[in-house]
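Novice: Once you've had a glance at the structure underneath, I'll fire off some questions.
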Amino acid sequence: MKFVSFNINGLRARPHQLEAIVEKHQPDVIGLQETKVHDDMFPLEEVAKLGYNVFYHGQKGHYGVALLTKETPIAVRRGFPGDDEEAQRRIIMAEIPSLLGNVTVINGYFPQGESRDHPIKFPAKAQFYQNLQNYLETELKRDNPVLIMGDMNISPTDLDIGIGEENRKRWLRTGKCSFLPEEREWMDRLMSWGLVDTFRHANPQTADRFSWFDYRSKGFDDNRGLRIDLLLASQPLAECCVETGIDYEIRSMEKPSDHAPVWATFRR
């Protein structure tokens, strides 16, 4: 069973990248983030013709997530319990039948946070991680197959930082988000529920693979970026992970997203 997570940075701007992902990877499940399209305007017909059940949770111009599944899900949930109409459309979940059992897939576009001293964005990021933590602890069991995927906007370890030592120190000094100590605490707490970072587990020493590259500084040309797009699997699912990677080929296409797709394959 193959999962692909991709921050598409505008679904209607990049159908060519989604088509390329389907053709190359033939995934069973695709999680898209930052679709940037209101539900009323979602290009359902165009996406469904790729051979998927399509579920989406979006708003005009910002944020937005979608799940594409080969198998028909048992259940789909949009947003966290307690989200109101004003909540940013950042998370969609599904329970999907498979040979691995019913897999709970949580696809999220996590807040970026901007910087420690931002009065709105940083607390919103902390709250989002707390909401996910609460959901795991109250709604799910760690001995069941669970996969959290998406643009999580945190680099879990220093191996996941590829912007140069000078920039790394400056970001920490100025409180810029992505690998602040507080953010690492949120991530560690999430992982301690019983999750495995599939890429890092398979590549414990790799320090030159990233998933986000800044457009402005042409970071992709020099492989300067951050690994912030993750697939986190519960232990029973992680034990079935046979392959995982970051697709630089898709990132190198014309008019690309600033993110590369990340993927993992599981077999019983």
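Numbers run from 1 along the shown chain.
Any Cβ shown, glycine's included, is placed from N, Cα and C.
Pasting the feature list from Swiss-Prot:
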type     : residues   : note
BINDING  : E34, D258  : Mg(2+) 1 binding site
ACT_SITE : Y109       : active site
BINDING  : D151, N153 : Mg(2+) 2 binding site
ACT_SITE : D151       : active site, proton donor/acceptor
SITE     : N153       : site 'Transition state stabilizer'
SITE     : D229       : site 'Important for catalytic activity'
SITE     : H259       : site 'Interaction with DNA substrate'
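Looking at the shown structure, can you explain where the listed features end up?
Specialist: For E34 (Mg(2+) 1 binding site), applying a Cβ distance below 8 Å and a minimum sequence separation of six or more within one chain yields N7, I8, N9, G10, Y63, G64, Y109, D151.
Secondary structure at Y109 (active site), as computed by DSSP, is strand.
The Cβ of D151 (Mg(2+) 2 binding site) has 29 other Cβ atoms within 10 Å, all protein chains considered. DSSP classifies D151 (Mg(2+) 2 binding site) as strand under the three-state reduction.
A sphere of 10 angstroms centred on the C-beta of N153 (Mg(2+) 2 binding site) encloses 24 other C-beta atoms.
The Cβ of D229 (site 'Important for catalytic activity') has 25 neighbouring Cβ atoms from other residues within 10 Å, across all protein chains displayed.
All chains included, 26 other C-beta atoms sit within 10 angstroms of the C-beta of H259 (site 'Interaction with DNA substrate').
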Novice: Within 10 Å of N153 (Mg(2+) 2 binding site) (Cα to Cα), which of the recorded positions D229, D258, H259 do you find?
Specialist: D229
Novice: Around the C-beta of Y109 (active site), how many further C-beta atoms are within 10 angstroms, looking at every protein chain?
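Specialist: The answer is 26 other Cβ atoms.
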